[in-house]
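The following features are taken from TrEMBL:
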type: TRANSMEM; residues: B:12-30; note: transmembrane segment
type: DOMAIN; residues: B:95-304; note: domain 'ABC transmembrane type-1'
type: TRANSMEM; residues: B:101-122; note: transmembrane segment
type: TRANSMEM; residues: B:134-157; note: transmembrane segment
type: TRANSMEM; residues: B:177-196; note: transmembrane segment
type: TRANSMEM; residues: B:239-261; note: transmembrane segment
type: TRANSMEM; residues: B:281-307; note: transmembrane segment
Amino acid sequence: MQSRRLLSLLAPALAAGLLTSTSALAQAAFSCPQTGGDLIVGMEAGVPTLDQHTATSSATRNVAMNIFETLVIRDAAMTPTPDLAESIETSEDGLTYTFKLRDGISFHNGKPLTTADVVASFDRYKEVGVNRATLDVVEKWEATDDITFVITLKQAQPTFLESLSSYTVPIVILPAEEAAKPANQITPIGTGPFKFVEFVPDSHVRLERYDGYVANDTFGDLSGFAGHKQACVDTVTFRMLTEAGARMAALETGEVHIVENVPAISQERLAGTAGVEVVRLENFALNVAYPNWSAPPTDNALVRQAMLAALDMEEIMEAATDGAFKLNPSFQFPDTGYYSTAGEEFYNQADPEKARALLAEAGYTNEPIVLLTNQQFPNMYNSALVMAAQLQAAGMNAELRVLDWPTALATSEKETAGWNVFFTFWATVTAQGGPTSLRNLANPNNVYKPVNNEGDAAFNEAFARIQSGADLETRRAAFAEAQAIAFEQVMAIPFGIMQNAQGIRANVENYQPYYNTRVSNVWLEQ
Amino acid sequence: MIGYTISRLLQAIPILILVSLMAFGIIYLIPGDAATVIGGPSATAEDLAQIRANLGLDQPLYMQIVTFYTNLFQGDLGRSLMLGIPVTEAIIQRSPITIGVAIYSLVITIVLGLVTGIIAALNHNRWIDQAATIFALIGVSLPNFWLALVLIVLFSVQLGWLPTGGYIPFTTDPWGWLRTTTLPALSLALLQAGLLTRITRSTMLEVLSQDYIRTARAKGLSEWVVVGKHALANVMMPVVTVLGLILSVLLSGSIVIESIFGVPGIGALLGNAISSRDYPMIQGGLLFVTAALLLLNIVVDVLYTWLDPRIRVGGGK
């Protein structure tokens, strides 16, 4: 079989790294300057489960991705990168992917990792994995020997490795005996640098260093979820401190070393507190709303366009984030592979006169425009509040419908009446690139509720090309096309980028904020 | 008294059945389910469908009802959707934590409320009385979540005496338990102490104006004996009644307080179950809390008849 190293096509920089002498890299590889201590992280949300196959929750990933690893994962540039795999090869016809496992890896229970565990983990993911649609394109997977795992596709899909490495619900590798267990009933045993000690729901999760961990020496340092990982601290305690005031107090007193999500109101005070530093993730999430295409008056494209014309995104984002935002005429974060400003003429128009003209053309007769939101996520509520005022100023009869989050989400998902705009945000899906970021707008998901769930044909055609385009340029062009349609038809309204602030104590070294909490390569200054 | 107790216990059974039916009806009427919570803001319709299949939420409602009651009559409250463990196991793990904090809180409430109320009554219309009345008014007016945050700022951030949160089991480290539960217990107790102060003060004032107290004083008994023996015994009647109510408020208040302080008790369990639509956990938790409150009321009623021999039910002699 003729084969080529696919990684060289996906990531020239990474391929360069792979081709570099391993020993040269090993010399430069990260090594903990100090070891020891208990690193305590104050989490903003409770951890629902540590079964990573079954949870999209960020809180689960924050803990679980320090325990588990995958065959292939994203690096800091969101490029698919081998993790447990040493190499990934694809056949010329693009139908067969061959993964070779790294040597010497063992699970936290001491059992050596083999492809039998990989097969069992994929079997389980296909059964209970939340994103199991990723594997719909797969004809079969098999272990040809203890270190060789082969995936055969039904038809070539150039973005297959992008899907496979998506970490929204990653395909983490479990020991075969754990993979045989039903959803949410596993013991969290992985191959990562930290092993599970205890989980007390609503209180904490404790991990400890796994002494048998084999770091990926192909890399010099941590990159995204990939790279050279090392446990510097003895233990990590993830404490669930859901009340923001209590979480900030715990950081100030030094009871915790790192806190997630510092509210804007606390940032200035914390920044001025001795021994505390506020670090920021610049592109955390896209603040977004969906119109409802099935309910009048937003079933009329002209009314939707009038809404979009009326919006001043700066005002909305200011209220939503207390100033921690960036305007962004895109469904992607800047400086990423699929970033495009196609359709930007529809973004941040702040033009009530144009809105009035469009309303007149639409024959709008002051029907209510119901903004469905909740108070659990302040960004959603505040966005709705300001948007309602802006729509009213442009002559629209906007009103709020405030429910609790699960009710609001279920209403937007199951009902096509009783609401016109639903408020949410996209975090990891936006970070992970084109195909993932627009999934919500494509068939069969169609969050904008087209009549009979028949999504916009032109958009879906472009979306298909984002997935099937032979090369990145083709896929980028398709993404730009799809985004322009989404803006013009008002399939979703991206208000802007929300930033995320985290607080750390001064004795925490080498902590880098990311979409999820990573505690590898972090040490405590003794 | 045994017959009375058994009769009250039997009366509790239909109430429990009614509560379970109401709990089932109410939570299934509310839109939203555990899948939307697990899925989060970015989940697609496909994701949610898969999560529902994993949790068994794709079953028809009648099947879920049949399964719930079949299991219930076999003593099985089902399995928590979020925790992945049996509901009974979760309740058994968590309830001692809440009961421990509630008892600690009750002790603080009694000591503060009773003492302040008695001192206020004995110093009627003096500044001490007015100060106690203001303390009681503030106590009953403050929201406990706000008080909890103020206590954290004062005792943890400013003074550094107590941790901001967390929980250490008593069996692991009694001193650690005391340190981690003091602020939650205080947050719950200060409010109820205000209520108890008012009840104790007004009852004590009424009792102190009775003829038999005047007689006791005329006999030359010391003020300690008059108050401690003759007056306090009669003050205890309404106080015991209100203590039952206070304990039930302490238990329900734990939903908010445990979440703020990260105490993994039954309150946090139930609060999270409600916000995450963990149906089996809500049903099991509500049944447990209802049973606990019913039992508490029965204990209070029995204590009441024990404290006051004049009270007999159904002409019992």
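Any Cβ shown, glycine's included, is placed from N, Cα and C.
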Range from B:101-122, B:177-196, B:239-261, B:281-307 with most C-beta pairs under 8 A to the transmembrane segment (B:12-30): B:281-307
Interface check, the transmembrane segment (B:177-196) with the transmembrane segment (B:281-307), three or more C-beta pairs under 8 A: no
Range from B:101-122, B:239-261, B:281-307 with most C-beta pairs under 8 A to the transmembrane segment (B:134-157): B:239-261
Same-chain residue ranges lying at least 6 outside the transmembrane segment (B:101-122) that approach it to Cβ under 8 Å: 128-129, 132-133, 135-136, 181-182, 184-186, 188-190, 192-205, 208, 227, 232, 235, 239, 243, 246-247, 250-251, 254, 258, 263, 265
